[in-house]
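Here is what Swiss-Prot records for this protein:
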- Asp378, Asp382: Mg(2+) 1 binding site (BINDING)
- Asp378, Asp382: Mg(2+) 2 binding site (BINDING)
- Asp530: Mg(2+) 3 binding site (BINDING)
- 378-382: motif 'DDXXD motif' (MOTIF)
- 1-51: transit peptide (TRANSIT)
Amino acid sequence: MDLISVLPSASKSCVCLHKPLSSSTHKLKPFCRKIRILGMPRPRKSVLMVSSMSISVNTLVSDDAVQRRTGGYHSNLWNDDVIQFLSTPYGELAYRERAERLIDEVRNIFSSMSLEDGESSDLIQRLWMVDNVERLGIDRHFKNEIKSALDYVYSYWSQKGIGCGTKSIITDLNSTALGFRILRLHGYPVSAEVFKHFRNQIGQFVSCHSETEEDIRSIVNLYRASLIAFPGEKVMEEAEIFSEKYLKETLQKIPDCSLSREIGDVLEHGWHTNLPRFEARNYMDVFGQDTKNMESNRKAEKLLELAKLEFNIFQSIQKTELESLLRWWNDSGSPQITFTRHRHVEYYTLASCIAFEPQHSGFRLGFAKACHIITVLDDMYDLFGTVEELKLFTAAIKRWDPSATDCLPQYMKGIYMMVYNTVNEMSAEAQKAQRRDTLNYARQAWEVYLDSYMQEAKWIATGYLPTFEEYLENGKVSSGHRVSALQPMLTMDIPFPPHILKEVDFPSNLNDLACAILRLRGDTRCYQEDRARGEETSCISCYMKDNPGATEEDALNHLNVMISGVIKELNWELLKPDSSVPISSKKINFDITRAFHYGYKYRDGYSVSSVETKSLVMRTLLEPVPL
């Protein structure tokens, strides 16, 4: 593969414009025409200002007066030495054998619960087990046991909820809220109307006067349940408002303990920005500090030991995968692309936090590679490339042939081959998993994606500000969500026949909503930095254009309301009962949305990856859990 030079060739070049794969209805014959490429010898001066909290804007001026913008992004935080010198003993056989014994012991705990049927707490005990194996990240070992436990709980579910046990005379909020959340997440048809029975005579949720740990925990579970609301569930909105306020006030009153840590984590990360492996790492600390659990409950000890072992064993797998990713990154010539962000380790970490089953190596590596390519293309189309060069590149991608590089500036040749080779390689991996060729399908997705970039590049070049609707429709494609998810998803051991794929990928509501969240949330976090780089077009600026007199604050408030509504719609698309598509088939696309949403929680965590994103890498990838 050609190494990449960021400096375009000064020679003339041509472009061969062929019929794109995605435009099958066009009858135009292929033709070639020569287009003059503005050369760019090595720039005289480059000024780089790096800040961990801000983005600087640089302009490179070539000898022939071509100006190219760069983002002034901070450099790669994870050099070769950091990756190559990672070491962990947890890949040894003894640790895996210990984990297997613990898995059997936990299965026995699940089995023993059937002997306690009819006991005063048989329902809450089952929910406790399911909730904790999921939060600790070890639920993949107990799918059958979880289903059996939830079938049992659901058989006693009523319009007023449930109590602690099957013989409970009255229902209670803690059991009902925890049960509602878990049952809904597993596709059981439970109605939010059940929470109306826990409001006072004037229809308001009321706090408990005693405020015991059990009372507080009930509100924690009510808050967790409220986050998986469907559109139109007014009672869930009220529950969220009440429980969030209650828990924030409670944090000011109670001492620092495992419960306060749990409340803080739940309020901080919720569900839509909480990544399963990251949640597991945080919950291990909470779970292990809960003296009530650890002193009187042998079950808790087994769960915690297994969770820690599994976490550390997976880090030995991550080390091997990171070495593979690093080889790809170097072989692709990526280190020589100096105008872009290098966040391949961060993207791999996100993938590892949502799909940490050992067999999903193809997904983790594919996601990291796809996201790196997307980042390079994003920076090339938004900042570095001229409009004429970008037209050449877009046309070359639609040819899908290495000879298309003959028509490209020198700095684009290696980028083209990185896209070409990686997409082909991921298609080969997908063919093994899905037993059919998906290359043409993937090519169509990449073509549409680059067309959306081309549209934005034209807007930037001409200073055109589109309407909000026009911008959002294009922006959902240019967000990159679809191309980041599609091929990595197809490498998994989850069947995606065509009728399922169309309900998960384009043109499904699930895909549309996921792309919308990424575009809307991304713009609320990036618009100021983008504007400083000369990119005026964003959801904020387009909304203000459509609504004369509206301020940035008005626009942000409107977008946040939109995001809240889209999240509820996304919940419905994932969890709606009686769907023809299993939740397991939709979950990975949904979790990718959570991963991107996490990256934009506080800032643009991909441009500025030296704060929260760096902490995520350290906590889930580099640092083992003390046993």
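Placement of Cβ uses the backbone N, Cα and C atoms for every residue, glycine included.
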These are the binding-site residues: Asp382, Asp530. Which one scores highest on other Cβ atoms within 10 Å?
Asp530
Once the chains shown are all counted, how many other Cβ atoms turn up within 10 Å of the Cβ of Asp378 (Mg(2+) 1 binding site)?
19
Return only the integer: C-alpha distance in Å from Asp530 (Mg(2+) 3 binding site) to Asp382 (Mg(2+) 1 binding site).
9
